[in-house]
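Taken verbatim from TrEMBL:
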- Gln112, Phe113, Ile114, Asp166: (6R)-10-formyltetrahydrofolate binding site (BINDING)
- His130: active site, proton donor (ACT_SITE)
- Asp166: site 'Essential for catalytic activity' (SITE)
- 349-423: domain 'Carrier' (DOMAIN)
- 626-629, 659-664, 679-680, Lys786, 834-836: NADP(+) binding site (BINDING)
- Glu702: active site (ACT_SITE)
- Glu702: active site, proton acceptor (ACT_SITE)
- Cys736: active site, proton donor (ACT_SITE)
Amino acid sequence: MSSGSECNGVKTNGYFNGNGHPEDLKIAIIGQSNFAAEVLEVLLEHHHIVVGVFTIADKGSREDILATTARQLNIPVFKISAWRRKGVPIPEVLEKYKSVGANLNVLPFCSQFIPMEVIDGAKFGSICYHPSILPRHRGASAISWTLIEGDDTAGFSIFWADDGLDTGPILLQRQCPVYGDDTLDTLYKRFLYPEGVTAMVEAVNMIADGTAPKITQTEIGATYDPALFREENQFIDLNQSAERIFNFIRGLDSVPGALAVIIGDDGSECPVRLHGASLCGPAMLDNAKRVNFKGSAGPAFVDRDGIFITASDGQLVKVKRVKKGSKMIQASQWFTQAGKKVIPLELNAREVEMEEILKGIWKSILKVEIEAETDFFACGAGSMDVVRLVEEVKDALEIPLENENLFMAPSFQEFLNEVISRTRNGTSQESSGPDYESVVLRENKKTISVPVQMFVNGRFIDAENKKTLDIINPTTEQVICKVAAASASDVDYAIRCAHDAFKGVWSQVSARERGQMMYKLADLMEQYKEELATIESVDSGAVYTLALKTHVGMSIDAWRYYAGWTDKIEGSTIPVNPAKPNNVLTFTKREPVGVCGLITPWNYPLMMLSWKMAACIAAGNTVVIKPAQVCPLTALKFAELSVKAGFPPGVINVVTGAGSVTGQAISEHPLVRKLGFTGSTPIGKKIMASCAESNIKKCSMELGGKSPLIIFADCDMDKAVRLGMSSVFFNKGENCIAAGRLFVEHKIHDEFVRKVVKNIKTMTIGDPLNRGTAHGPQNHKAHMDKLVEYCQIGVKEGAKLVYGGKRVPNMKGWFFEPTVFTNVQDHMFIAKEESFGPIMVVSKFHSSDFDALVQRANATEYGLASGVFTNDIRKAMLFADKVEAGTVFVNTYNKTDVAAPFGGFKQSGFGKDLGQEALNEYLKTKCVTIEY
């Protein structure tokens with residue numbers, strides 16, 4: 001094998017003319033595409049002389065990007081429709097070529113047959129780029145055949161052109177491994193394009209330096225493969241092994257796509273192209289619908305994961321996307337989306353400007369007038385045009401976009417809808433959201449459409465076997481609707497979608513882009529706050545004014561607060577002892593955990609979702625959330641808004657259902673790496689056990705509470721009464737940090753109780769949507785019944801029932817009277833156990849023994865919150881020091897803020913919601929040490 005060069009003149013620092021002076025290369029570029037255009041630009045950067053560009057003729061009014069680039073660089077451009085006629089070179093074309101005086105031809109990518117009079121017409125010859133490791137895969141479809149044949153290694157060759165088909169001597173070669181998930185597109189983008197441009201310029205440099213070898217190709221292992229631009233060669237044989245089917249599909253992915261034929265029930269044949277293939281193990285296809293492929297070895301099925309094709313070896317190949325005509329759809333939607341009509345969105349002034357920008361980009365690429373129905377691919381666009389369009393749109397509008405978005409929306413109207421849906425900032429129309437089955441609420445002088453299906457991978461879908469559960473209005477005791485009841489397999493599907501999104505599209509979204517999406521979502525929640533508060537009132541019984549201010553208002557605050565954190569999550573550098581004489585750099589990285597499972601309670605449906613999910617998303621995770629079984633509607637409406645905000649499919653998933661099924665499936669799933677739970681301590685223990693037994697998940701728990709509130713005689717009495725009542729009766733007592741036990745100094749005990757009862761009697765109990773209502777219904781009947789039993793135990797044990805203790809008489813709905821107990825002793829059930837309802841439990845204390853008081857306050861396994869009212873700062877600070885609780889309120893209560901960490905001690909749980917600390921719950925720390 002020769003490593004020298006066969007060049008004119010002696011091997012020195014360059015080529016020489018007959019007078020012994022260095023001769024400059026005069027390059028003619030022959031070819032087309034972005035690849036050739038970039039080779040041209042880089043050659044010029046290396047100060048080479050390009051004397052002419054020969055490219056294909058315009059397609060209609062649309063010229064190739066190589067011609068456009070050359071004209072901008074003031075290089076002569078010749079557009080050649082054909083170099084030969086009836087096998088003979090066309091004289092006038094040859095004259096055009098000779099007119100530039102080229103002494104080296106560079107063919108980066110050329111689809112035309114170039115005559116030997118041109119190939120040999122340059123003094124220093126012609127070099128070609130070929131995307132395979134020659135002599136393997138000679139021919140026009142080398143990249144595809146590398147994948148189709150299952151090669152372990154891919155690469156490219158730059159060779160000296162001769163009169164054979166890719167048979168000339170090799171100048172240089174480069175290679176790379178083929179990964180299991182590679183497609184034609186990924187292989188080209190990852191290696192063949194960027195490294196190919198660099199290598200073409202390197203080859204020209206070697207020629208200029210006189211160091212370019214000419215290594216004769218061997219015929220050992222040579223293959224000649226059919227051209228896949230011919231449609232007859234694009235048909236896939238489905239009567240072969242799964243691996244062969246998989247390799248054929250990925251070899252033609254994304255352009256043109258493997259061609260197959262689906263046979264309809266009426267015998268009609270529908271040609272389709274298959275994309276996004278993967279090999280898969282046994283799949284649960286119990287609810288899948290049969291689809292018939294012409295010539296297949298076995299049955300094929302459509303389910304929510306895609307189309308599953310049975311190969312000749314009995315194994316399955318999963319196909320994620322199908323192209324029918326020019327329209328790409330998710331394979332899982334074959335029976336629902338194949339003929340769906342495109343509905344234009346209503347645009348605001350800013351979006352109209354965006355439409356004009358997009359039209360300009362489309363027109364610059366396609367060179368045609370752009371109408372709503374203009375099809376990108378029907379106008380002759382190719383794969384490199386796709387890359388150009390996507391990159392130009394990303395630059396112009398600063399939105400995350402992938403090639404797949406264009407394949408799924410090939411007409412201008414579809415593409416415009418896709419782009420607008422990603423940039424909505426709170427002014428989107430209802431029609432721009434996803435399709436779903438809904439219940440229409442006509443409440444609060446509003447008509448509100450609410451999804452009733454679970455939300456997975458960007459779509460609202462039914463549960464397995466269309467199983468549902470009833471949602472009851474606690475005010476009327478009537479069924480509002482039926483919502484999907486997810487099974488364990490439904491949860492598995494949602495988690496796998498979240499996992500795919502985490503590894504795929506979500507990993508490509510920058511931290512700042514995440515923050516922008518979160519701000520958009522917060523803006524949408526602000527826009528729809530009255531609708532969300534209304535849903536919360538109807539679904540959970542929350543008083544509307546409180547829902548508007550707290551349930552929804554604090555949810556919006558949480559999303560905005562954590563949106564600001566997305567690009568401020570940082571690691572640190574750490575000084576360590578090096579192994580001299582070497583140096584060491586050690587630093588940490590904060591990384592997202594992965595798929596996070598969230599299980600939230602029924603007392604603050606939207607707020608608990610937001611407290612946890614906002615931090616989770618800000619950290620870069622994807623999420624599967626199970627809202628409370630009895631009130632999931634705000635979570636489903638929130639899911640709709642997440643689509644309008646532009647969150648990619650799979651990032652946010654909402655699975656509704658029973659805790660024993662849906663929640664359990666989340667807690668024990670091996671792909672979930674973090675679980676956040678708010679609920680009772682007994683359920684929290686079970687979830688922790690599942691987390692440990694499955695895969696030792698990271699978990700955070702906000703559990704039960706029995707928060708003590710101390711009221712000293714030196715307090716501001718009116719304030720203590722007002723906030724003491726709020727500490728118990730806020731949100732109907734369905735409040736995790738509610739004061740479960742009030743310790744009131746004996747000097748003011750009777751006065752305090754008297755004032756509380758007087759104020760209770762003025763409270764308006766009734767319809768939570770009524771603006772004057774102060775106390776709404778309990779969330780669900782089982783809870784109300786539990787409160788009745790709780791009070792009966794208190795009376796039985798000897799506590800004094802001063803007020804309430806029963807269901808509100810003669811009133812429809814699950815209304816429970818605000819209740820006050822006194823003379824409560826420390827050993828009693830109601831002194832130790834949480835009611836989670838509007839029940840004030842009052843005990844006396846004597847101020848002479850402060851330590852005994854603190855001991856009584858701490859005599860519980862709970863430690864969520866606490867409070868003290870006193871004008872003596874010393875007593876307040878001592879109490880704050882000694883009480884065993886995650887939150888301490890001094891002369892206030894329920895004063896939470898999204899910037900302040902929230903969480904408990906002991907059996908009230910561990911981990912934090914809110915504040916910077918909550919981010920730690922959804923991050924992992926990686927330590928990197930480099931020796932140099």
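Backbone N, Cα and C atoms are what each Cβ position is placed from, and that goes for glycine too.
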Recorded (6R)-10-formyltetrahydrofolate binding residues, Gln112, Phe113, Ile114, Asp166 - maximal Cα separation rounded to whole Å: 14
DSSP-derived helix, strand and coil totals, residue by residue, for the domain 'Carrier' (349-423): 51 helix, 2 strand, 22 coil
Position of peak Cβ density within 10 Å, selected from the recorded positions His130, Lys626: Lys626
Recorded positions near His130 (active site, proton donor), in sequence order, restricted to Phe113, Asp166, Gly679, Glu702, Lys786, Ser835 and a 10 Å Cα cut-off: Asp166
Integer Å distance between the CA atoms belonging to Ala628 (NADP(+) binding site) and Ile114 ((6R)-10-formyltetrahydrofolate binding site): 69
Environment of Gln112, Phe113, Ile114, Asp166, the listed (6R)-10-formyltetrahydrofolate site - residues of the same chain whose CB lies within 8 A of the CB centroid: Leu107, Cys110, Ser111
Gln112 ((6R)-10-formyltetrahydrofolate binding site) CB neighbourhood, other CB atoms within 10 A: 18
Surrounding CB atoms that lie within 10 Å of the CB of Ala628 (NADP(+) binding site), all protein chains: 25
Asp166, Glu702 as recorded positions, winner by CB count within 10 A: Glu702
Other CB atoms, at most 10 A from the CB of Ile114 ((6R)-10-formyltetrahydrofolate binding site): 22
Cα-to-Cα gap, Lys786 (NADP(+) binding site) vs the residue listed as 'active site', nearest whole Å: 21
